[in-house]
């Protein structure tokens, strides 16, 4: 018979294992995406097609019992994937896309770290019980700082004043990071609706492709509009 203390140890061990798996997955995926975005455009196309296919597959597995919800996925998933591929076709956008992914990765990572460190009030307990307001603030501000740090990399260049100015860059990055968290909650709504925790298990420590890339659902269109109108 496992005692309450024993159960707590098992939970902690599982959490540590997940963190290690997340780190290992990141060590593989992040460099792969950096290479694809900055130096190998065909690889980026392949990666995005694989991501889109994985997201659609997991969405189908989650929502096949509801035609209206299934159709929603056929709209909200192909659009951001297509926009990212479209933006990447122009060589001058490579640092914009690199910056975008750095923001998405940063807000997820630091929101998790901030939530575990500072704890506090839950952000949306019914949709995502682990998310906290402290995690949201930590993630958004950290993503803004990471974006500014990325802008100091040699050869970094975006042909847009607002993305080149450090103050505007910080503000824009925080806005994208905030929308990324809303995008996460948007997908969490459907996961709760269909009573699933993770959309899949293909990415160790992260769950499914949809779990890892849900932030692009709402943010890519905003990035595209910023690129056009700013």
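Backbone N, Cα and C define each Cβ position, glycine as well.
Lifted from Swiss-Prot, the feature list:
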{"type": "TRANSMEM", "residues": "33-53", "note": "transmembrane segment"}
{"type": "TRANSMEM", "residues": "67-87", "note": "transmembrane segment"}
{"type": "TRANSMEM", "residues": "95-115", "note": "transmembrane segment"}
{"type": "TRANSMEM", "residues": "133-153", "note": "transmembrane segment"}
{"type": "TRANSMEM", "residues": "167-187", "note": "transmembrane segment"}
{"type": "TRANSMEM", "residues": "206-226", "note": "transmembrane segment"}
Are there three or more C-beta pairs under 8 angstroms joining the transmembrane segment (167-187) and the transmembrane segment (67-87), sequence spacing 6 or more? no
Go through the chain and flag residues at least 6 beyond the ends of the transmembrane segment (33-53) whose CB is under 8 A from any CB in it; none is fine as an answer. 77-78, 81, 84-85, 88-89, 94-95, 97-98, 101, 209, 213
Checking distant contacts: for the transmembrane segment (206-226), what same-chain residues at least six beyond its ends satisfy Cβ-Cβ under 8 A? 21-22, 25, 51, 54-55, 57-59, 62, 76-77, 79-81, 83-84, 87, 96, 100, 104, 107-108, 162, 172, 175-176, 179-184, 186-187, 197-200
